Amino acid sequence: MLVWLAEYLVKFYSGFNVFSYLTFRAIVSLLTALFISLWMGPHLIAWLQKLQIGQVVRNDGPESHFSKRGTPTMGGLMILFSITISVLMWAYPSNPYVWCVLFILIGYGIVGFIDDYRKVVRKNTKGLIARWKYFWQSIIALAAAFTMYSIGKDTSATELVVPFFKDIMPQLGLLYVLLAYFVIVGTSNAVNLTDGLDGLAIMPTVFVAAGFALVAWATGNVNFAAYLHIPYLRHAGELVIVCTAIVGAGLGFLWFNTYPAQVFMGDVGSLALGGALGTIAVLLRQEFLLVIMGGVFVVETLSVILQVGSFKLRGQRIFRMAPIHHHYELKGWPEPRVIVRFWIISLMLVLIGLATLKLR
């Protein structure tokens, strides 16, 4: 909203024209979200401790996690607040893509909040009943998917971008809604499954958001979009502001979530961030790129699917415990080693994903 104010004030002082530059607003969006989360962190942690809103740890989990019992959770509130305020300050309020992401971010944040509340108040590790969680995730995702489809119906905004093939971009039609639904819900739950160790989920989220910031900038620039053979989407540029806000808020949260964590993000953070990343990928027409850059989330999810499927079909487990980060813990890896190695893998996957944009 400050952009509109700057457009008015530029008549009196030309220096306010700097607010029209996307790169400038991206930087201050990151810094705004970072400083808000750093300021909010100690206050939120103290408030959560006062209310005794602490993590409920599974009794069948790794023994090293028992010491985490009682650590404040629902820290994702600071992430959501930081992102929302920063985006509202620095993005153009008239941009529909921005509102689609915020709708998912806040909507999934509410679902996650209810889930966390049931866990910490009722001391139930299962939280919100799975079918109700999935129901509300589906309703919110479908509402966003139909809205996004109506915005870009029968244009390049609803084409499927296939990696490595610059001339293959089929028009999806209503299949766009179905694809968007699965990407949003799937990514939300994938990030949620990954959030099992201190800082494990937030840093890959930051890496992927940073990668999408570059993609959004290129997609919103007609010359670079043509150069990379990706669809030019006129609303995509403002998603840079959203992505950098996620980066800033994520880094601010990591300050308190790094091992040993002072606070956990909880489902209010993981479901919301995953949903936001999925929505950004859909809006940029880069669902396949999300699979590559978010490979850590994909592997974590597949490990759970394979573990459950193998046990039901063969009565045997593939991993010592799923998601797969627990498998490595039970193999004797110290928690910080698991975390940092997953971070390194995530960074590599983001760089590989970005490289595929030119391999067409």
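Keep in mind that glycine also has a Cβ here, set from the backbone N, Cα and C atoms.
What Swiss-Prot says about this protein:
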TRANSMEM  27-47  transmembrane segment
TRANSMEM  72-92  transmembrane segment
TRANSMEM  94-114  transmembrane segment
TRANSMEM  132-152  transmembrane segment
TRANSMEM  168-188  transmembrane segment
TRANSMEM  199-219  transmembrane segment
TRANSMEM  236-256  transmembrane segment
TRANSMEM  263-283  transmembrane segment
TRANSMEM  288-308  transmembrane segment
TRANSMEM  338-358  transmembrane segment
Are the transmembrane segment (168-188) and the transmembrane segment (338-358) near each other by the rule of at least 3 C-beta pairs under 8 angstroms (pairs 6 or more apart)?
no
Comparing 94-114, 132-152, 263-283 for Cβ pairs under 8 Å with the transmembrane segment (27-47), the winner is 263-283
With the transmembrane segment (132-152) as the reference, which stretch in 72-92, 168-188, 236-256, 263-283 has the largest tally of C-beta pairs below 8 Å?
168-188
Counting a contact as 3 or more Cβ pairs under 8 Å, with residues at least 6 apart in sequence, do the transmembrane segment (94-114) and the transmembrane segment (199-219) touch?
no
Take a look at 72-92, 168-188, 199-219, 263-283 and tell me which one has the most Cβ pairs under 8 Å to the transmembrane segment (236-256).
199-219
